[in-house]
Amino acid sequence: MINIDRLLKNLKDIGEIGKGLDGKGISRLAFSKEYYDALRKLDNLARSKGFDTKIDKIGNLFITYNPNNKGKFIMIGSHLDTVKNGGLYDGALGIFSGFEILETLKDKKRHLNHGIILACFNAEEGSEMGGTFGSRSICGNNIISDEFKEKLAFYNLTLDDVKSCEMNLSNVVAFLEIHIEQGGTLENEKYDVGIVDGIVGITRYNIMINGTANHAGTTPMNLRDDPIRKLPNVINKLYKEAKKFDQPFVMTIGNIIIKPGMYNVIPGSVEVLTEVRDLEQSNIEEYYDEIKKFVKADEKLEIYKNIEKPSVKLDENIIKIMIKTAKENDYNFKVMSSGAGHDAKEISKKIPTAMIFIPSIRGVSHSPEEYSKPEDIELGVNLFYDCVVEIDRSI
Ligand SMILES: [Zn+2]
């Protein structure tokens, strides 16, 4: 059994750094002073407990417990940075759950076949270089361009600094991340934990409805080339096609930009910002193709794809071990996909990876109101511990 009081104390101690004046929100932005203060505090804590630590050039911290020294490792971890005015749990819960695993193993004098590396990643939430920068860099998954180099300079970093962070992961047999759900499903459906089988893909596109801007007073109704008239059709089509797919497929119209957007001007154009997410990449593509066909049929419509981040399926073998462990311990669990990106998504491209979700109360995250109940955390981290031991035994 893990020590939930110790875990929560460590978590709350770190949460004191970067706390806002209201005493609630926490800002530990990537590369900020607060981020590095927290990193050093955790580094000191780890060393005081006798663990080996290493901080790389981009602010990732690795804490290792490796009493047997057999040269094979299991990596666990999450991110230490937060959004601006974020909460206590997003990212940090994964780190302090991992730290609790190390402490529990050490207390029990448990010598596993694998060393355990706790990875504390920087810049998951985003920086000039985009999200999951820390985990992307250890995998060597960055796309190198002149623009990328310029962005690094913003943080006084060079390409060599980033390259020096790349790790040889061939001796790491698995990566596990524990994270708050950031959705309300587990709480709502009364599950103890979620076992995550994949991370959804995200495709974003803009649909343009073109018209002709003109005077709102002097242009008769029958002579208008008004793009707003077509807007309901576009919206209806987007929703109608979305209905054909099951959970976790989601479609969101995040904004509708009407230009020029004045009382007295018939708009010249309307832009519909659309985002689609699903675990099955083929569904995302099928949906997009259907919308593209609809757009092509009308010369006033255009579509531009903005972002395409394919979905990732996590490792079947590790998920199987986790499900077996959860069943043996009578957990009420849900196998589910993640609607948000995580470090695990990057790492999964290099190492067999899986995730555990802890229920988030009312699904709130990226907010000072973020909360997970101690009893839910305790259940989740105990399962996490058992999974690490089982993976160690069976891989
Ligand atoms: Zn997170």
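Easy rule for this one: first residue shown is 1, then count along the chain.
The backbone N, Cα and C atoms fix where each Cβ goes, and this holds for glycine too.
TrEMBL does not curate its annotations; it predicts them automatically.
Note that the structure is predicted; figures quoted are calculated from it, not measured.
DSSP gives Asp90 (Zn(2+) 1 binding site) a coil state; it is part of no helix or strand. What TrEMBL records for His79, Asp90, His179 is Zn(2+) 1 binding site.
Marked as Zn(2+) 2 binding site by TrEMBL: Asp90, Glu125, His366. For Asp90 (Zn(2+) 1 binding site), the count of additional Cβ atoms within 10 Å of its Cβ stands at 27 [all protein chains shown].
This prediction places the mean pLDDT of the domain 'Peptidase M20 dimerisation' (200-298) at 97. Taken from TrEMBL, the feature domain 'Peptidase M20 dimerisation' applies to 200-298.
Cβ environment of Asn264 (allantoate binding site): His215, Ala216, Gly217 lie under 8 Å away, each six or more residues apart in the same chain. In the three-state DSSP reading, Asn264 (allantoate binding site) counts as coil. Among the features that TrEMBL reports, allantoate binding site is placed at Arg204, Asn264, Arg277.
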| said: Beyond the listed site residues Asp90, Glu125, His366, identify every same-chain residue whose Cβ lies within 8 Å of the center of their Cβ atoms for the Zn(2+) 2 site. | reply: Thr82, Val83, Gly86, Gly87, Gly91, Glu124, Ser365
| note | Across the domain 'Peptidase M20 dimerisation' (200-298), DSSP labelling yields 35 helix, 34 strand, 30 coil
| message | Taking the Cβ of each of the binding-site residues and counting other Cβ atoms inside 10 Å, which one has the highest number: His79, Arg204, Arg277, His366? | response | His79
| Given the recorded Zn(2+) 1 site (His79, Asp90, His179), which additional residues of the same chain have their Cβ within 8 Å of the Cβ centre, ordered by sequence? | Ser78, Tyr89, Gly91, Ala92, Leu93, Gly94, Glu124, Ile180, His342, Asp343
| remark: What remains of the binding-site residues His79, Arg204, Arg277 once a 10 Å Cα-Cα cut-off to Glu125 (Zn(2+) 2 binding site) is applied is His79
| remark: The largest Cα to Cα distance in Å among the residues Arg204, Asn264, Arg277, listed in the record as binding allantoate, is 37
